[in-house]
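K.L.:
Below is one structure. I have some questions about it.
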Amino acid sequence: MPKNRFTHYAVARGRKPGIYTDWSQTKEQIEGFSSARYKGFHSEAEARAWIDENSNSILQKNRNDAGVVKATANEKGDAQSGANQSLPMAGKGQSRDYGKRPSKNETSESEKSTGKHVISKVKTGNTDDLAEALSDLQITKPLTFKEALPNFRPGIYKGDVIKRLWSNLLQSWFERGAQVFIVSPWIDKKTIGYIKNRLMTGQSSIQALYIRDPCFTDTNGKATTLAEAMQGVFSESEADRIRCLRVGTDREADGKAYFHCKFVAGRFENHVEILITSANFNDHHFNPLQRDSVILLSENCREFETRYLSELDHVTKEVALATVLAT
């Protein structure tokens, strides 16, 4: 048997968690199962060790009773292609039961309707869950805001983990047809290209981009103007892919206010999903050595318009992307 062919498949979250020796049986447990989590191994011992560490509380409680589902000789095949693909699981110790009366650390349905809350109901859990869901395991599609919540707690994260969460949410918003808002005073040319070429799907557009001009300064103090950052990324025929470009000054001048907030948001018909961070959207802050804060919020559309966008509109001015590209 080739060395890269797995002999055991551990299903930590699925229709019937356990250890399997046949890929077709494994697929039955995970296909169509929300937040399924599984991995392939070369031995039962490795599979059991992983499932003991990563399964949910119910499975861990009964792990000593879990057996191995054997495959017949003619059922075994090359299942390498899907063996290590996984979607994130809920963080250890976290509850998503909205049917119970909320405790003082939870959010009620009435509070959610106002949009004034941080979506992190429980203050306990494994802080590595989000990083693991985004990095150690392969995600088969962009992680959505709803899927991110069970693994997420507000706190300090590594820059590369923030970038993966940021990227997944942006891509999922573009794919789902949300109005996408990107706000950061400092964005380098590489990140602008990454958003346009990797995250934007089809003919999707950015509803509004709030940025400064100059929009980036490197470690040597060299500033990049907004025109320099945009040219070569967007062509003049693609100027409508940023529907609204609002530009602020790079520093306080003549007593004028400026913005320094950083967030991305996806606006749907009845709510807005928001990632707020202290990280600027560039390679310097998306570095694994960098540490920045992150929270996830859900607001109603009116609150988002008045408490976020209107405040930014006061300290920025609208500029046509076509004009910037022609500079």
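Glycine residues also receive a Cβ, built from the backbone N, Cα and C atoms like all the rest.
Annotated compositional bias 'Basic and acidic residues' per TrEMBL: 94-114, in sequence order. The feature domain 'Ribonuclease H1 N-terminal' is assigned by TrEMBL to 9-50. Feature annotation from TrEMBL assigns region 'Disordered' to 74-119.
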K.L.:
DSSP on the domain 'Ribonuclease H1 N-terminal' (9-50): how many residues come out helix, how many strand, how many coil?
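P.N.:
Secondary-structure breakdown of the domain 'Ribonuclease H1 N-terminal' (9-50): 15 helix, 13 strand, 14 coil.
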K.L.:
Looking only at the domain 'Ribonuclease H1 N-terminal' (9-50), what is the mean pLDDT?
P.N.:
82
